[in-house]
Amino acid sequence: MAQNQRRFNVTNHQIPIPTLHQSTTNTTGTDTGTSTRASKTASSSDLSILTRFHAGYFRISLALCSQALLWKTLAEPTTDARALSSIVRTIPSFAFILLWSIALLTLLLLCLLYLVRCFLRFRSVRAELAHHVGMNYLFAPWISFLMLLQATPFLQPDNRLCRILWCAFSVPIVVLDVKIYGQWFTQGKRFLSMVANPTSQITVIGNLVGAHVAAQMGWKESAVCMFSLGITHYLVLFVTLYQRFLGSDSLPAMLRPVFFLFIAAPSTASLAWDSISSSFDTGCKMLFFLSLFLFASLVSRPALFKRSMRRFSVAWWAYSFPLTILALAATEYAQDVKGVIPNVLMLVLSVLSVVVTLALMVFTALKTNDILPHDDPFVCYNIARGTTT
């Protein structure tokens, strides 16, 4: 009898009373729960753009600003471009000013969005600073400003305002150098062997672009200082990327276009040293030939980029900037080495960079739904979501 009583008590405890209570609660609070979820959804949708936006979108400004610099270089009277002279000379100067203005407006719009993101999504920005890819693209807006300053049709390099702007754009690069380069050899979890990836070369490119502009303004000492920082860390980074340590973070397939940054770093170094030494000497040619070799190595392996080309993404803009910098280096090479082959090389690379940039602009205009995808592996959304309360 006692045993049956205990069995009855257990059976009574198994009666789904909480379920009935939960059902009653859901029935009585349906409107309240629905309105709460609706308000949260509306609030989330209002800021979804800021959540999915990240520093990687400055690839667009890098591409447009480098294009403005390329066309200014080709249009200069000192450029011995037999293959392009008949084309470039027929383009009105207004076209170059329009291109420069579009690049400036694009850069300012991206900076404004990122500034708003810093205020409204600070945790996402802080997570981006800790990300092995995201922190490197924080150099991109300052590199874009420096290239626009170099390509501006309104200021001369020795202008006082030009020098003030160079200081304003170069100081953030030096500050980021102290932070990131210091982490590479002082913090165990952020040793270079653990976090090195192709986007790490943007940190080097920032110093080299700053050196290039400083040399053109006549500030040789500042140019040599930034060049030494850039080229020293580039050598270490290049060897580290070649070794591919097992502990290093690998890139997802969607971000494989950033492998083209292997081309941009030595090309920028050749341009910087050309401005410092006032001649495209043997060192510049060695760096330029290294860029050509790396370009041939990447182009001969289309399977590496097959998965990243299945669907349009902002990562595709990573193709344009390195090709444009390589075309700029080819232009300087053609000026120093007179002949048919250097001019043909300059023509091919310049046309290729322009075609790629125009194609990216068309794809961006047509594929607006893919500009801010929810599955972008670059964004630190998952990290930020884990810290959000």
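Glycine too: its Cβ is placed from the backbone N, Cα and C atoms.
Not measured: the values here are computed from a predicted model.
Record features (TrEMBL):
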REGION    19-39  region 'Disordered'
COMPBIAS  23-39  compositional bias 'Low complexity'
TRANSMEM  94-116  transmembrane segment
TRANSMEM  137-157  transmembrane segment
TRANSMEM  163-182  transmembrane segment
TRANSMEM  194-215  transmembrane segment
TRANSMEM  221-242  transmembrane segment
TRANSMEM  254-273  transmembrane segment
TRANSMEM  285-304  transmembrane segment
TRANSMEM  316-334  transmembrane segment
TRANSMEM  340-363  transmembrane segment
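Looking at which of 94-116, 221-242, 254-273, 285-304, 340-363 has the most CB pairs under 8 Å to the transmembrane segment (163-182), the answer is the stretch 221-242. Remote same-chain residues near the transmembrane segment (221-242) are listed as 170, 173, 177, 181, 192-193, 196-198, 200-201, 203-208, 210-212, 214-215, 262, 265-266, 269, 272-273, 275-276 (criterion: CB distance under 8 Å, separation of at least six residues from the stretch ends). Listed as Cβ neighbours of the transmembrane segment (340-363) (distance under 8 Å, sequence separation of 6 or more from its ends, same chain) are residues 63-64, 67, 70, 74, 81-84, 312, 316-317, 319-320, 323-324, 326-327, 330-331, 333-334.
Of the Cβ pairs linking the transmembrane segment (316-334) with the transmembrane segment (254-273) and spaced 6 or more residues apart, 3 or more are under 8 Å, so the two regions touch. Long-range contacts of the transmembrane segment (285-304) within its own chain (CB-CB distance under 8 A, at least 6 residues past either end) are made by residues 256, 259-260, 262-263, 266-267, 269-270, 273, 326, 329-330, 332-333.
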